[in-house]
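Chemist: I am attaching a structure below and will ask some questions about it afterwards.
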Amino acid sequence: MSKSKCSVGLMSSVVAPAKEPNAVGPKEVELILVKEQNGVQLTSSTLTNPRQSPVEAQDRETWGKKIDFLLSVIGFAVDLANVWRFPYLCYKNGGGAFLVPYLLFMVIAGMPLFYMELALGQFNREGAAGVWKICPILKGVGFTVILISLYVGFFYNVIIAWALHYLFSSFTTELPWIHCNNSWNSPNCSDAHPGDSSGDSSGLNDTFGTTPAAEYFERGVLHLHQSHGIDDLGPPRWQLTACLVLVIVLLYFSLWKGVKTSGKVVWITATMPYVVLTALLLRGVTLPGAIDGIRAYLSVDFYRLCEASVWIDAATQVCFSLGVGFGVLIAFSSYNKFTNNCYRDAIVTTSINSLTSFSSGFVVFSFLGYMAQKHSVPIGDVAKDGPGLIFIIYPEAIATLPLSSAWAVVFFIMLLTLGIDSAMGGMESVITGLIDEFQLLHRHRELFTLFIVLATFLLSLFCVTNGGIYVFTLLDHFAAGTSILFGVLIEAIGVAWFYGVGQFSDDIQQMTGQRPSLYWRLCWKLVSPCFLLFVVVVSIVTFRPPHYGAYIFPDWANALGWVIATSSMAMVPIYAAYKFCSLPGSFREKLAYAIAPEKDRELVDRGEVRQFTLRHWLKV
C-alpha cells in the first residue's frame, strides 16, 4: 500500500487519508506536520494505525462460532484413511518404530504446510484460486487443487454410498454377510476364513474359497461377478444409486447456505466418530486375542528404519492424512475473522489428527487380533489395506459379536459421518474457490452448489455399475496421487520464494500480532519444499500401475488415468502462459507484473520490484 501524497499549504498540519474517502474499514493515515522557520517550510510525517489487509474491507461471511471452524477442519482431515490406512502402515513398517519418521515429517513438513494454508486463506479472505493475487502467475495452482477436489468427489462419495448401503442392511435380526446361503453367494463361499489369501486380494479370488463377508461386498453390493473388467461396466445398480442420491442430498443441504449451515452439521459429523471409536475400543479390548493384535500394532522393530520404503510411506501418509493441497484449509480459513489465531488452530488440529490416527489403531487391531485368533491365522493374513478392511474384515468381525446388528449400525454410522464431513470439505473447496473467482457464481451460490453436487453425482454413477469398483480404483490411483503432491510443492514455492517468507510473516503478524519464529520460516523456506520435492520424485519413481486383486488394467485405462492426473497439473503452466501473454509491456515488465503481488502494483509501476532483488530470495 503506497502512501498518498498531498500538497502542503500554509496550515500548520495536514491530515491526508491514505485510502479513498469512501473506503470502508480501518484506514492508514499519514499525518504531515508543516512548520515554518525563517521562511522555510519543514515537514515531518508519521503513520497512524497499522496497515490493514485490503481484503478486510470485503463483506465476507464468517463462521458463526470458532468451534464451527475447528470442527470443520478436524472433520475434513480425520477421514476414512485415518481409520484404515495409518494403523495398517504402522503395523507394516515396524510398529511403533514407524512413529519416528511419521512424527518427524509431521513436525518439519506437515504442520508448517497446514499452518501456511490456514494463514494464506485467512489473510487473503478468498478461496484456493483467489489467494494467488500474491503471485498472479501461479494462480493456476489454485485451479489445480480445485480440479483435484472435484475429481476426488467423483469417487469419494461412492465410499459413503457403500457405508449407507451397509447401514440399511444392518437393520435386520441377522446380518446378511454371516452365512453362505444367500442368492448372491457362489459355490466357493465358505464360512472358514481363507488363511492363505494374498496381501492384495480382497478375498474373492482365493483358491480355497471366500468368506461370506467378502462375497457380500463384491457380489451382493458391487455385483462385481457380472463384470469382466473396466470395459464391461454394465448399468448402475439401483440400490447403490439410491444410496448415492441420499448422499448428494445430504451434501447439498449441508453446503447450500455456506459455512452457516455446514458449521452446524459438523457438530454431529465431526464428533460422532470419536464417540463410536471409544465404544468400539471398549468392546474390542474385551475380545479374545485383542491383546495380541494390539501387541502386533505396537511391536517395535527399529531395524525397519533402515529401509527406504518405511520413510516413503511415512512421508506420503503425512501429506495425505492432513488434507493439505486440496484447497479445503484455504477455503475454511478464509471465513475466519481476520485476527483469528491461525497458529494455535494449526497446532491443535494437526495434533488431534495425529492422535486420532494413532488411537484408531487400537480399535482396528483389537478386532484384527480377535479375528486372527478366531480363525487360527497370523494377524498379517487379516490385516488389509484399503476398502477391504472396513467393508470385509471389520463387518466379518462385528458379525460374530453378540448384538451384532446393533454394533454394525453403530460402526457404519461412524463411517458415514467420517465420510460426509470430508466430502463436505472437498465440495466447499470447489464452491468457494470458484464463486470467489467469478462474481456471477457468487450471486447464485445455491444454484451453483446444486450444479456441482449434481455433476459429481452423474459422474459417480460410473462407480456404482457392476464394474464400478474398477473405475473407483482408477480414480483413486490417479486423481489425487502425484498431482496433489505437485500442487502442494508449487504452492509452497510460490508462498515461500516468490511472495517471500518475510512478507508472509508480516501478514501473519498483522493478523495475530505475533511474527512466526525462525523455525517456521526455515521450514517454509527450505525444509518443506525439499520434503515435497522428495515425495514427488519418489511417487514418480515408485509408481506402479493400478490393479484390483488379480485384475490388471488395460493400457488404455492407464492412459486415461494419466490424462486425469496431468489435466489438473497442466493448469499451472497453462494459466502461467496465459497470464504472461495477457500482460502489457516488455518481457521484464510482464515478468514483474506476473510475479509481484497485486497490492504491489504501484511499486511495479515505479520499477521497484522486490522479487528482482537478491535480498528477497535470500531473506528468511
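Just so it is clear, glycine is given a Cβ too, placed from its N, Cα and C backbone atoms.
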Chemist: Among S357, S359, S360, S366, which residue does Swiss-Prot name as a further chloride binder in the site formed by Q317, S321?
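Modeler: It is S357, as the record lists it for that site.
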Chemist: Given that Swiss-Prot annotates D79, S149, G153, S422, A423 as dopamine-binding, name the residue from F320, F531, F534, F543 that shares the site.
Modeler: F320
Chemist: Would Swiss-Prot put Y548 and G502 on one side of the membrane?
Modeler: no
Chemist: Look at the Na(+) 2 binding annotation in Swiss-Prot, where A77, D79, N82, S321 are given, and name the residue from N124, N341, N353 listed for that site too.
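Modeler: Between N124, N341, N353, Swiss-Prot records just one in the Na(+) 2 site with A77, D79, N82, S321, namely N353.
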Chemist: Please identify the range among 501-530, 561-590, 591-620 that Swiss-Prot labels region 'Interaction with TGFB1I1'.
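Modeler: When 501-530, 561-590, 591-620 are checked in Swiss-Prot, region 'Interaction with TGFB1I1' belongs to 561-590.
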Chemist: Pick out which of C180, C243 Swiss-Prot lists as the disulfide partner of C189.
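Modeler: That record, Swiss-Prot, gives the partner as C180.
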Chemist: Of the binding-site residues Q317, S321, S357, which one sits closest to D421 (Na(+) 1 binding site) when you measure Cα to Cα?
Modeler: S321
Chemist: Which secondary structure state does DSSP assign to V78 (Na(+) 1 binding site), in the simple three-class scheme?
Modeler: coil
Chemist: Counting every protein chain present, what is the number of Cβ atoms, excluding its own, within 10 Å of the Cβ of L418 (Na(+) 1 binding site)?
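Modeler: Total other Cβ atoms inside 10 Å, all chains included: 27.
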Chemist: Across the topological domain 'Cytoplasmic' (500-516), what is the average pLDDT of the model, as a whole number?
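Modeler: Summarising the topological domain 'Cytoplasmic' (500-516) by its mean pLDDT gives 95.
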Chemist: Taking only the binding-site residues G75, V78, L418, S422, which one has a CA atom nearest to the CA atom of S357 (chloride binding site)?
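Modeler: In terms of Cα distance, S357 (chloride binding site) lies closest to V78.
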Chemist: Please work out the helix, strand and coil residue numbers for the topological domain 'Cytoplasmic' (584-620) from the DSSP assignment.
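Modeler: Helix/strand/coil tally for the topological domain 'Cytoplasmic' (584-620): 25 helix, 0 strand, 12 coil.
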Chemist: Between the Cα atoms of G75 (Na(+) 1 binding site) and S321 (chloride binding site), what distance do you get, rounded to the nearest Å?
Modeler: 12
Chemist: I want to check the contact list for D79 (Na(+) 1 binding site): same chain, sequence separation of six or more, C-beta distance under 8 angstroms. What comes out?
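Modeler: D79 (Na(+) 1 binding site) has long-range Cβ partners G323, L418, G419, S422.
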